[in-house]
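Inspection log for the structure reproduced underneath, given as structure tokens.
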Amino acid sequence: MPEITVRAKSKTYPVYINEFALTDVKEQWTKSLAKYSHVFVLTDEHVANLHKAKLDAVLADLPVVTYYVAPNGEEAKTFRVYEDVMTKMIETGLDRKAVLIAFGGGVIGDLGGFVAATYMRGIPFYQVPTTVLAHDSAVGGKVAINHPLGKNMIGNFYQPEAVIYDTQFFATLPEREMRSGFAEMIKHALISDHALLTALMDTFTEPKDFYTKDLTPFLQRGIEIKANIVAQDETEQGVRAYLNFGHTFGHALEAYGNFGKWLHGEAITYGMIYALTMSETVYGLDFDLAKFTTWLERLGYNTTFDVTVPFSNILDNMRHDKKTTFNEISMVLLEDIGKPVIFKAEDELIFDTYKSVMRNGGDLF
């Protein structure tokens, strides 16, 4: 089975990925889990309804397994749900020898990792992602919940024991969710690998390709790209910030939509278009943006804004971005495909780029 090793400064761990990963690692994994006093599974309503039986079959021989089913979507990454999970764990009697399994998409991975990092000052956890989007979030140890004023503002760096990535779960993903996750695959290509971007554009030309073409080699490459960056900079003091390409504007948009109007990948797609546009202005990026957006549209992405989003709201939200320091907004831009840089953007440039994107897309004024 394909295995990728993540070598972070704090921990080295494997990522198992294929269509039957859960079955393939069952014997080895359950032996490891049997060493813990209690297995606590954190999932959401959607995943529990569709896939709980699959995980139950793997965990069947373990004596003590408890589930917590969180609400779907970004609602799960709130103080209220975080506190409720903690209460459940305390009432259940989980001790420091317990282990947590985050079974779901990126939201559950973020929440589960943050719970594991903070319960009794830290217990081990495993990532069992069920979405395309989670190929990015499940690897690298960023765990967090949201604050009403910003996405992922309360968090930590906390690595899992392993990532078990069973791609059979993709079959039940709605097209919109597939698209959202695919956006992070595009991001990895833009910041690191022109050949990967070309392969993505050549292989995936219409929405049904998400289900009929093999995503696994592209996911593996994306995970390898991220693992290499995390090995250099686990806690985002330097190059790891490159993984935030498209996220400064994208997170600002998500916050404006109360973390529900747009899926993460949808907001990041807008953010990448915004960052590419600014890259053309600042660095003269030689990139056929029109061809790129046409390709996105063929895949079903909306590349124009069809709602009114005041610039003042976006700017305020960008100021709350974690990369903002001394009130200076940091953007991840591209000198070329595969050559990201950190750029301190002045308000005037942020506004001019905003006007340019809106003029090329929808009218937001």
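Placement of Cβ uses the backbone N, Cα and C atoms for every residue, glycine included.
Just so it is clear, the model here is predicted, and its values are computed rather than measured.
Swiss-Prot annotates Gly106, Val107, Ile108, Gly109, Asp110, Thr130, Thr131, Lys142, Phe169, Phe170, Ala171, Thr172 as NAD(+)-binding residues; of Lys151, Lys187, the candidate listed for that same site is Lys151. Between the candidates His147, His264, Swiss-Prot assigns the Zn(2+) site shared with Glu184, His247 to His264. Under 8 Å, Cβ to Cβ, and six or more positions away along its own chain, Thr131 (NAD(+) binding site) finds Gly104, Gly105, Gly106, Phe169, Phe170, Leu173, Glu177, Gly181. Note on the binding-site residues Gly106, Lys151, Phe170, Glu184: the fewest other CB atoms within 10 A surround the CB of Phe170. A simple way to gauge crowding: the CB of Thr172 (NAD(+) binding site) has 14 other CB atoms within 10 angstroms, across all the protein chains here. Taking the mean position of the Cβ atoms of Glu184, His247, His264 as the Zn(2+) site, the remaining residues of that chain whose Cβ falls within 8 Å of it are Leu133, Asp136, Ala183, Lys187, Gly246, Gly250, Gly265, Ala267, Ile268, Gly271.
Classification of Glu184 (Zn(2+) binding site) by DSSP places it within a helix.
Within 10 Å of the C-beta of Asp110 (NAD(+) binding site) we count 26 further C-beta atoms, all protein chains included.
Here His247 (Zn(2+) binding site) is positioned 16 angstrom away from Asp110 (NAD(+) binding site), judged by their C-alpha atoms.
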